[in-house]
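Peer 1: Look at TrEMBL and you will find 3-59 tagged as domain 'WHEP-TRS'. Look at TrEMBL and you will find 61-400 tagged as domain 'Aminoacyl-transfer RNA synthetases class-II family profile'. Feature annotation from TrEMBL assigns L-histidine binding site to 130, 131, 132, 157, 173, 177, 326, 330, 331.
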């Protein structure tokens with residue numbers, strides 16, 4: 001059976017690949033991916049009885065989170081949630097799948113990444129690709145003209161996963177959007193302030209917030225000689241500048257997208273520009289740019305935006321960058337992206353202007369203004385101006401996880417404040433009575449589920465799981481109407497009367 005022999009040969013080769021990766025201390029995700037390929041090959045041969053073996057694994061581009069990882073995630077979510085609430089947002093929820101028609105034609109070249117659900121003779125459905133399009137549908141459907149909302153939920157993309165960099169097929173998005181007719185750039189500036197606050201508070205390293213405007217890009221394309229029908233597709237190519245060199249981007253524009261070399265070179269001159277308010281002023285005087293009404297409107301808004309950002313005290317991290325494009329079709333005005341920068345040997349490379357260049361380790365937040373999206377869903381085409389931001393929680397989480405692994409700091413996976421233990425046998429009832437008192441007082445407490453556990457193993461459990469306090473019950477304590485309260489870290493013990501116990505536990509845990 002040649003087929004079987006070929007599979008066995010493939011198993012041998014794949015086994016070598018896995019061994020090599022393990023010896024090179026490659027990332028866990030990469031090893032897992034190769035191990036999963038090995039298991040699939042083995043499953044093809046099947047068991048001794050010739051039955052097909054089922055491979056136990058998560059689907060491609062997805063992962064499980066263990067309690068330690070969830071504890072880190074929760075901390076990140078709470079930081080983001082705290083910021084959204086501090087800025088006065090309310091929250092909504094929408095279904096995880098939408099009518100296919102709702103999502104069609106909103107994402108440009110990324111539309112091919114939408115997960116379509118199987119046609120089962122009912123409505124044609126797709127899993128949501130982001131939270132913005134469902135939000136616009138929600139506004140149009142409910143005739144809402146102004147709301148400041150946040151939404152934290154999972155979205156789905158048939159992307160090629162790069163798990164080590166926090167790219168998945170199922171992942172969370174944390175969105176904050178302001179919908180409504182307001183004066184120019186005030187809500188937009190607040191969205192940038194939110195990115196600044198979250199990235200500062202999470203303390204995951206230095207960052208920059210790049211800002212541009214769709215109108216400036218479109219104006220630039222027009223004055224550089226890009227035909228109208230090629231604006232969006234050229235925009236998608238410019239959006240790749242953070243991952244590809246200018247030479248590769250230029251080649252794609254000319255060879256694949258059919259743009260003239262002259263137009264590509266003119267675009268090249270503009271997309272290399274970075275600065276602040278002074279760059280916007282300079283471009284307003286630029287011989288070519290000033291011919292575009294659209295670009296001038298965008299540049300005037302960028303100037304206004306920077307004046308508000310100065311008041312919000314965030315200009316030290318914000319840079320006006322003409323190469324920022326953001327590939328999604330629905331943006332109409334200001335666009336921005338938060339990127340983490342990694343200072344290092346590569347960062348010392350001087351760029352053309354002599355300024356120090358930082359190395360980007362990927363986008364961790366992005367957003368912009370999308371004034372036309374709600375109108376697409378409204379039967380009368382009524383527009384609701386919107387601006388919003390999405391925090392890339394998965395990438396942030398990848399970094400936080402790496403940091404936690406690098407530091408020896410213990411991550412607690414529960415919030416238990418006190419463990420109720422017994423020093424002698426036959427005290428289960430007393431332990432459960434005390435446990436009930438603590439729970440009724442709102443104290444996080446637990447016991448070991450055994451009638452007569454050993455005192456040492458109970459104390460060891462507290463040390464292992466980071467529980468700070470132990471309430472010890474023994475015959476003597478019960479007689480005296482006290483509980484021995486032990487601090488796990490210092491091993492100091494004190495007899496506390498039953499009447500004062502709850503107050504004492506609350507005092508100690510609030511101090512900690």
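Glycine residues also receive a Cβ, built from the backbone N, Cα and C atoms like all the rest.
TrEMBL labels come from automatic prediction, so no person has curated them.
Small disclaimer: the values here were computed from a predicted structure and weren't measured.
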Peer 1: Near the Cβ of residue 130 (L-histidine binding site), how many other Cβ atoms are there if near means within 10 Å?
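Peer 2: Excluding its own Cβ, residue 130 (L-histidine binding site) sees 19 Cβ atoms within 10 Å.
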Peer 1: By a simple count, how many Cβ atoms lie within 10 Å of the Cβ of residue 173 (L-histidine binding site), its own Cβ left out?
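Peer 2: So the number of other Cβ atoms within 10 Å of residue 173 (L-histidine binding site) is 19.
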Peer 1: How many other Cβ atoms are found within 10 Å of the Cβ atom of residue 331 (L-histidine binding site), counting all protein chains shown?
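Peer 2: Step by step: centre on the Cβ of residue 331 (L-histidine binding site), count other Cβ atoms within 10 Å, giving 25.
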Peer 1: Whole number in angstrom, please: the longest C-alpha to C-alpha distance across 130, 131, 132, 157, 173, 177, 326, 330, 331 for L-histidine.
Peer 2: 21
Peer 1: Within the chain of residue 326 (L-histidine binding site), which residues six or more apart in sequence place their C-beta under 8 angstroms from its C-beta?
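Peer 2: Correct list: 239, 335, 337, 366, 368.
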Peer 1: Using a 10 Å cut-off, grab the number of neighbouring Cβ atoms around the Cβ of residue 132 (L-histidine binding site), all chains included.
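Peer 2: Taking all protein chains shown, residue 132 (L-histidine binding site) has 26 Cβ neighbours within 10 Å.
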